[in-house]
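A.B. asks: Below are the structure tokens for one structure; questions will follow.
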Amino acid sequence: MDTEGFGELLQQAEQLAAETEGISELPHVERNLQEIQQAGERLRSRTLTRTSQETADVKASVLLGSRGLDISHISQRLESLSAATTFEPLEPVKDTDIQGFLKNEKDNALLSAIEESRKRTFGMAEEYHRESMLVEWEQVKQRILHTLLASGEDALDFTQESEPSYVSDVSPPGRSSLDSIEMAYARQIYIYNEKIVSGHLQPNLVDLCASVAELDDKSISDMWAMVKQMTDVVLTPATDALKSRSSVEVRMDFVKQALGYLEQSYKNYTLVTVFGNLHQAQLGGVPGTYQLVRSFLNIKLPAPSPGLQDGEVEGHPVWALIYYCMRCGDLLAASQVVSRAQHQLGEFKTWFQEYMNSKDRRLSPATENKLRLHYRRALRNNTDPYKRAVYCIIGRCDITDNQSEVADKTEDYLWLKLNQVCFDDDGTSSPQDRLTLSQFQKQLLEDYGESHFTVNQQPFLYFQVLFLTAQFEAAIAFLFRMERLRCHAVHVALVLFELKLLLKSSGQSAQLLSHEPGDPPCMRRLNFVRLLMLYTRKFESTDPREALQYFYFLRDEKDSQGENMFLRCVSELVIESREFDMILGKLENDGSRKPGVIDKFTSDTKPIINKVASVAENKGLFEEAAKLYDLAKNADKVLELMNKLLSPVVPQISAPQSNKERLKNMALSIAERYRAQGISANKFVDSTFYLLLDLITFFDEYHSGHIDRAFDIIDRLKLVPLNQESMEERVAAFRNFSDEIRHNLSEVLLATMNILFTQFKRLKGTSPSSATRPQRVIEDRDSQLRSQARALITFAGMIPYRTSGDTNARLVQMEVLMN
């Protein structure tokens, strides 16, 4: 049967194929088995999708129908809903429909107002959001910058370090966080401050810091020599450093000092070169710069170079001799060369004599214009680089030519450009012949920048470039970013600060290096306070004495709230290091104060100690604050804080070395000393303090089982009523008690009731009446104890203080047991 069925199916398929082949208009599509299977799967999935949709509709109907909802009605209602929005354009009206026109105009006005208000609201919200994001981002940038600067790595060094340790990184006691160089600097700062505090003449901080350079490498020695040279200027009288630094006289002095440093450095370089090659140098003749330069040229220019002009002097090119004599800072030696070759040099001798004899190395305007004209006509494309360089220096012209054939090193380039800097504007100089110090500073700091000078390989070179162009703040900020050089940057800043040459930021929230509105374009300000605090953060916890020496430089600085920065830093240092006794002094047993390190800096230590105590109090360090206020003889604050400390521990059981035992001993020591010396505080605070001490004694006796002594104490204190007659008086007196006393009321009532209940049980447990103790006495005592217990219950209900429900329940329970 199956065979016949398959045969019939095959026959039908062949017939269908034959019919299909007969239709020539249709294209033939041949598919393999895999393609046929895929086509079948697609047809099946369509069928399943329709089926699944119908199944889903059925399930939805069942689900919603069980809740009483008709899905067909819901579908109709949804389809009938209009999708038109409120702000859909209004329907047009006929021109003669006045009512419709007025209605449309009114609706249009309302919709326009709403839309305009919506746009304005969204615009304001977006603007506020943008401003908020900018402010928040600026704060985040500040925090990132501070974190990077305060870290132990270079600001941009993100290399993977060793795995972090989760053990406390606090250094062991006695171990310093300062390395040998930092410690050497700290000693010099100590010596400097000792002289200042003692009233001696102000020592030279540059010399003190430079002595540390002997322990380090040559770069540090050169750096301090440069700092000493650049700070040796006469400041003009001014109210602040900005006016002084902006004056023409001071800026001219800076350039003069920088040239002097570069010239002396180059002379030292020629000496080292000559004495390192004596055979080739052939040093001889009269000692001096001229002979030194001749010998140097024997090494530098051993053979005649092509393009050099105007002959030779003693076998060396004239202009090379003149240039190198000037480079060594010896114009007299250069004039000797000019005199020997005057016949080949034309008018140059006259110009050079005028240049050499002028006060500020500047030709007169007429001579300068004449020289510049000669240079432009005959020398601009001259083949002798030394001749062009000398003319550009003397005439201060052609500032765009860097003279790279001669000035091939950064120091030579600096020397050449500083020689071309001019300060007076006579109106005759063209832009290509005029270079101001501000222009040169901008070129080095902004146009070239760090990337040009490969600061990672030669950090001191970039520092030198900035420092010699009087950009002290930028130089310090750059050096400070490098961990190994940070200590040098800080001490350079201290030197400039003490010499009143440092431009400081007007606020402590400013970045480390900033430009403030109103300052000249190339002036930068250094956040000196932040610089010092970032530096001391490394060692203030392990070396508080050294940190204190640095903070002394901030004695005249104020923060944004007008608070003295020295006081603020000292208070933070004491709290951080917990070296209260060492820094602020210690109170002896007789009440006298043993001086601390702070006494070296000021004779009146009370404001500082009070400030530290206030900070400790605000941080919740009440015990330390109380000791500090005691040190400052502030009895009111001492007892006020002691009351806060004693109140929570009053009802606790005393144990050796417990918190209560320590505070009790401290309070007793203060009480004994105050009574012996007649020291009194505010009456209210004073009475609270002594009442708390009495309550501590009461609870100590109570916990020790001495209930009779404890009862005598509570009876004498008159804190709670023990009879109905004193009820009103005790309730009225309770209103005058401080919170420190009130917080202990529940425990006092429970302890007193326990004492009464214990006495009651003891009375009931005694033998029957005897001759010595008649029945009447026992009954009277029994009645008295019940009356006292009832008085406590009544008192607890009358006072304006909410005791806990557990306390009331226990009081009532014991009172009931006594009845």
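Just so it is clear, glycine is given a Cβ too, placed from its N, Cα and C backbone atoms.
Take a look at what Swiss-Prot says about it:
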type: MOD_RES; residues: THR49; note: phosphothreonine
type: MOD_RES; residues: SER52; note: phosphoserine
type: MOD_RES; residues: SER66; note: phosphoserine
type: MOD_RES; residues: SER72; note: phosphoserine
type: MOD_RES; residues: SER75; note: phosphoserine
type: MOD_RES; residues: SER80; note: phosphoserine
type: MOD_RES; residues: SER430; note: phosphoserine
type: MOD_RES; residues: SER767; note: phosphoserine
A.B. asks: If you draw a 10 Å sphere on the Cβ of SER75 (phosphoserine), how many other Cβ atoms land inside?
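C.D. replies: Neighbour count, Cβ to Cβ under the 10 Å cut-off: 11.
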A.B. asks: So how many other Cβ atoms are close to SER430 (phosphoserine), meaning within 10 Å of its Cβ?
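C.D. replies: SER430 (phosphoserine): 9 neighbouring Cβ atoms within 10 Å.
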A.B. asks: What is the interatomic distance between the Cα atoms of SER430 (phosphoserine) and SER75 (phosphoserine), given in whole Å?
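C.D. replies: Distance (Cα to Cα, whole Å): 87 Å.
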A.B. asks: Quick one: what's DSSP say for SER430 (phosphoserine), helix, strand or coil?
C.D. replies: coil
